[in-house]
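First up is the structure itself, then whatever we jot down about it.
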Amino acid sequence: MSLATSVPRAARHSSIWSTRAAPALAGPRLRILHEQARLKSTQPAYEGHIPLNTFEAGFLAVGSALMSLANPRRGDMVAALGDVTSGPVLPRLRDAMLESPEGRRILKGRPRVNSSTVDMNKLALLPEGTFGRAYVTWLERCGVTPDTREPVHYVDDPELAYVLLRYRECHDFYHCICNLPVNVESELALKFFEFANLGLPMAGFAAAFGHLRLTSAKRQRLFSEFVPWAVKCGSSAKSLITVHWEERWNQNVDELKRELGIWDPPEARWSRPLSEAKAATEKRQKAAEAQLTGQS
C-alpha cells in the first residue's frame, strides 16, 4: 500500500482544503495590512510634510536639479533638491548632534531662526565684537533677513526633517562666522565649506555645477583661493550643525572662531562697505535704547 493511500480520505481532504483556504483567509488580512501601511505612508508626519514614493522622489530630484541649474534663484527648487537628496546624510548629522550636549539641547528644544524668534534690536545692544552684534551687522551689510529659508517638505522622519531645517536656518550664521557675503562666488565658497564640514549632497551639487555660471576670472579665483580654504577649513572645523548659535550671542566672535577651528577666507567682494553696516547697526542700537528708556 502506498503512503498516499494509507492516509485517510478525510485527512487528505482536510489537508487539501486547508492549503487552499489559507490564502483565501489571508487575502483580506493582507489587503487590510497593505491598506493600513499605504495610508500611513501617505499621511503627513508633520506640518508641511508631503510624502513621496520612490518614483515621485526620483522625478522630483531630477526636475529640481535641472531647475536649480537653470535658475539658482528658485529657492523652492533648491530646497526640494536638498530634501530628496539629503536622506543618507541626515541620520549621521543627527547622531553627531546627539553626541554633543549642545546638539542634544537643539534637538530637544528645536529652536527656530527667524525675525519672530531672534530679537535683532536686542542683539544690536550687545557690545562690539560679540557674535550677536556681528550677526546683526552682517545682516545689515548684506541687506538680508533671517526669513528667507524654505521649509522642509519631503523628508519623512520628523526629527531628520528638523535637522535639515536647522541647517537651512543657520546657513546665515555660517556666512557670518566665515566672513562671507551673499554673492555667487562667496556662496559657492561656502558650499564647498559646508560639503567638507557636513557632507550634504546639495552643497556638493552646488559646488560641482554652480561655478559654471561664473566668469572665467571669478572661476579661477574661486578654485585657486577660496576652494583650498573651504576644503581645509571645513574638513577640520567642528561640525557646525552641533553649535547652538542662540547660546553664543554674547561670546566674542574671534574666540568663537578659534573654538570652532574656523579662520577667515581670502578677502571677499562686498557690495556694501563695513562702515555703512556698522552705522546701520548703531542706528538700530540707539532706537532700541530709546525704546527701553521709554518703557522705564
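Placement of Cβ uses the backbone N, Cα and C atoms for every residue, glycine included.
Range 274-296 is the one annotated as region 'Disordered', of 90-112, 136-158, 251-273, 274-296 (source: TrEMBL). Same-chain residues lying 6 or more positions outside the region 'Disordered' (274-296) and placing a CB less than 8 Å from one of its CB atoms are 120-122, 124-125, 133, 136-138, 140-141.
Taking a C-beta cut-off of under 8 angstroms and a sequence separation of 6 or more, His175 (Zn(2+) binding site) has the following same-chain neighbours: Trp138, Cys142, Pro181, Val182, Ser186, Leu190. The record gives His171, Asp172, His175, Glu187 for Zn(2+). Within 8 Å of the mean position of their Cβ atoms, the other Cβ atoms in that chain belong to Phe173, Tyr174, Cys176, Leu180, Val182, Leu190.
Counted with DSSP, the region 'Disordered' (274-296) comes out as 22 helix, 0 strand, 1 coil. Cβ neighbour count for His171 (Zn(2+) binding site) (all protein chains, 10 Å cutoff from its Cβ): 19.
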